[in-house]
C-alpha cells in the first residue's frame, strides 16, 4: 500500500515577498509638477536672453560696433549658450548617475537662475569696457551648462517615478515647461516694453526680467527644500530636521536684515533664499510630524490647532516683538 503523496506546495521561487508600497497618485503628480515647474523656470531664464539679445544687448555691451555687427555679436553670445548645453548634459549626467538625480538637478537650477540674475546686474560696456562682453559670455556659458544638466534630470525625475504604462504621459511634464517658459519670457518683455518708454527700457527696464530670476530661484529653493527634506525626514527623523531648521533660522536671522539693508539685489536674493531654505527645512517634515504627535481620535484637531497656533505666534506676533527699542522709538 503506497503512502499518500504529500500535498504539493508551490516552489519557493514563485512566492514573491511583498515589495515596497508604490508611490501614490498624489506623489507622482507632485513629482510631475516639480519637473514641469523646474523646466519652465529654466527655459524662461534661457529665452529671456534671446529676446534681450535681439532688442537691447547690442547697445549695452557692443556699442562700439555698428548696429548690424552689434546685433550679430549678441546673437553669437546667444549661440554660445547652445554650444555649452551638451557639455552641461555630460557633466551633470555623470554626477547624476553616480551621486543621485535630485541634488544634481537642484544645482543645475541654481546655476541657471543665479547666472540669469547676474546678467541683470552686469554693468555695460560704458562702465566695464571690454570686460562687460567677456563676463556676459561667461554667464551665458553658465546658463547653457545649467540648462544642459537640468533637462535630463527633470525628464528622469518624471519618468522614474511614473507607472510603467504612463511614462509617456508623465514625461510630457518637463516637455511642456519649454513652451511655457518661452511664453512667460515673451510676455514679461512685452509688459516691460509697454509700460516703460524707450529710454527707460533701454537704460534699465530690460534688466527686470533677468532680476526676476532671483525670485524664481528663491521659490525653487523653497520648493526643493520642502520636497527633499520631507523625503529625508523618513530616514533621519523629523524632529532632528525641524530642530536643525529652527537653529539655522536663528543664525540666519542675525545676517538677514544686514543683507537686506545693503540694497544690493544679489545680496537681497541671497538673504531671501537662505530664509526660504530655513523655512523649507522646517515646513517639509511638519506635514507628517504634527499629525504623528496625536492619537487618531484627536489628530485632526490637534494637528490643525497646533499648526495654526504656531502661525499666530510666529507670524502675527513676530513683527510687533523684535526688541524693546522698537517700542520706545514708536512711542517717541
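Including glycine, each Cβ sits where the backbone N, Cα and C put it.
Of the candidate ranges 266-290, 291-315, TrEMBL annotates residues 266-290 with the feature transmembrane segment. When TrEMBL is compared with the stretches 180-196, 316-332, the one noted as transmembrane segment is 180-196.
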